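Copied from TrEMBL, the annotated features are:
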type	residues	note
TRANSMEM	A:20-43	transmembrane segment
TRANSMEM	A:55-76	transmembrane segment
TRANSMEM	A:83-102	transmembrane segment
TRANSMEM	A:108-128	transmembrane segment
TRANSMEM	A:135-157	transmembrane segment
TRANSMEM	A:177-194	transmembrane segment
TRANSMEM	A:222-242	transmembrane segment
TRANSMEM	A:254-271	transmembrane segment
TRANSMEM	A:278-296	transmembrane segment
TRANSMEM	A:302-321	transmembrane segment
């Protein structure tokens, strides 16, 4: 409707304002982590010890890594509820190879390749079979979980060779999983922000019809992003499976939900099209910090899930409110 | 006659944009009051205020002797106001009876639903609407659009509506159904129902309305008895200026043929279409809703690849199987529905602008955000987009500005052929003129433009040649010199009976 008397260009907002509006969620989580650390360490100063910090972050680094791939999937408007089961399967493959005496690089490389291959199939079913990703991955969840228990009989893998245990190694005093988490997050963030590939994922999640019309090969991208997510899950597997001397044939309960939650709390909209992998990594760190913090202030760790659940609801609510406001501003 | 509903100096803004300014409006029992205006004039907002969907910022709503600052949908319904929306709000999986009585079903003993009474009353209502052939137990999803509309009207009557709002009720109807609907409306009027009739089809308005109100850019232009106006006065009230000045297609040198389409067919909607498009030319595609115009565009652009026929681009025969291929051949498509196929709403102007031609702002595999922003700033300036800057999210822009961003996205691909589907639908008059001027400029620079439009003045004003489609076929090709509302209109409605065959 006509009468927009506004000039063609309103004064540009400052760089800081734009930064805050573009990375609002990431900033909020970073602040939440800092506040949490401050509060808990006031109550119990031992919380801030370097060793403790390393343990807190290192133990959950594999969740942060897996959440990177999950964020990419959710950004395209899809979801993967089978990643927890996938990590369990890949861990068994990796451990079996290591115990069988294959070189460690084989034992480390196999889960990455296998993850990519398995999820490429998932992606193909979603993209070319036109089956909603939640259905495909629900099926995959049962197949992987059931198959794993049937084949291993629930037995644990032990006697892992010491040089296989990547997660126990350190570089410059920092545990390897933390290095992996930081490096993967930075690379993925830059890749998502600056590559045509990353941009096309946002476009597909934002409006797949418009993306198709603009010449983006949607089906191929979906298969590719699922394969990448599988490979990243492979990396997460290595960090998870090499923490202890044994590999159990089960993964932590609700692992896939924890990973999805990290993405969502990190600001990746469950409806697709927005969010960054930095947010999901920060959210994974926040989970660890809450979990450890609760212990240090003598609150039952069972509260962790409740607190995280609350965070999910708040985050999604804020996302919805923001979207509604944007649509209202545009509609007339 | 008693006044059923009256709006008094009602204003409404969305996101800082005024869509209604101090509008007075009333409708009386037993009259059909037509509401007329161009797309974006504020008609929808006005009826939504009466229906209780939107709350006005200022002004009053009078229903009978009650007075409201704003209505809730519930209050509107209690006030006897019912709306038959353009996109019919029925439940396809429920039956006719269930749809009619959803939310106000008659209750029997123990407060249980009284199915027998419901079916009987549904039957009576439909019979009173001249629809004895409509089965009350049929699922609504299986009905034709015309029949669904009757169900919607019956639903309104079941709630004892005293005011029925009809939003473009004939937009999707065939001619025979339109006549039947008109008969129904006249019958409602005889019963004393007040009808607000939104349409931009002038013949219908002259056939039905007792009074007509014209809105333009959110302002009330006037309310007149139908006997006091002619088509010309109404058009002048709607557009506010002479049609000749509205659509300036500048002279452009017509060059060689760039797109050659022969015997193109896709399904039932595109049949045996042949035409040429030359550099510097704007070819308009006219036709009624469902004539196959958008389908033709989708086929050329590879969204629905052709079943048969040939396409030559720049002298080379091509097979276009995907939008990607079409883009790489230099074809651009600005779609009818910006939200659906045009924009990625959560993305910024810069990201949308570069989307179809990322390699122009990339070095290697990486996008240069600086170059992308610079490109967007240039597009914003040259297309006159009113925005905060390249990093503004497109969802926040107005319709006309969104359309310019879609256009900007495709211009970055440097297309040879630009297909524009309803380029000015739903945008304000000022932005419309700007888009027309842009199209002229692009044609002058040698671009070939295929423009689909439902607005006859736009087709007549902008086109060098007009393709008229009817029932998926090319009904006529009319040169600018021979194009009048009569020749084009005749070809649109009667295939093969008018114009120069292609």
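Each residue, glycine too, has its Cβ placed from N, Cα and C.
Beyond the ends of the transmembrane segment (A:222-242), by six or more residues, the same chain brings 61-63, 65-66, 68-70, 72-73, 76, 78, 80, 83, 86-87, 90-91, 94-95, 108, 111-120, 122-124, 126-128, 160, 164-168, 176-177, 180-181, 184, 188, 197, 201, 204, 251 to within a C-beta distance below 8 angstroms of the stretch. Contact between the transmembrane segment (A:254-271) and the transmembrane segment (A:278-296) is supported: at least 3 Cβ pairs lie under 8 Å, counting only residues 6 or more apart in sequence. Within its own chain, the transmembrane segment (A:278-296) has Cβ neighbours under 8 Å at 23, 25-26, 29-30, 32-33, 36-37, 39-40, 43-44, 46-47, 52, 55-57, 59-61, 63-64, 67-68, 70-71, 181, 185, 189, 258, 261-263, 265-268, 303-304, 307-308, counting only residues six or more beyond its boundaries.
For the transmembrane segment (A:55-76), the residues of the chain that approach it from at least six positions outside its boundaries are 83, 87, 133, 167, 175, 177-178, 180-181, 184-185, 188, 192, 201-202, 204-205, 221-222, 225-226, 228-233, 235-237, 239-240, 243, 255, 258-260, 262-264, 266, 268-270, 272-277, 279-281, 283-285, 287-289, 291-292, judged by C-beta separation under 8 angstroms.
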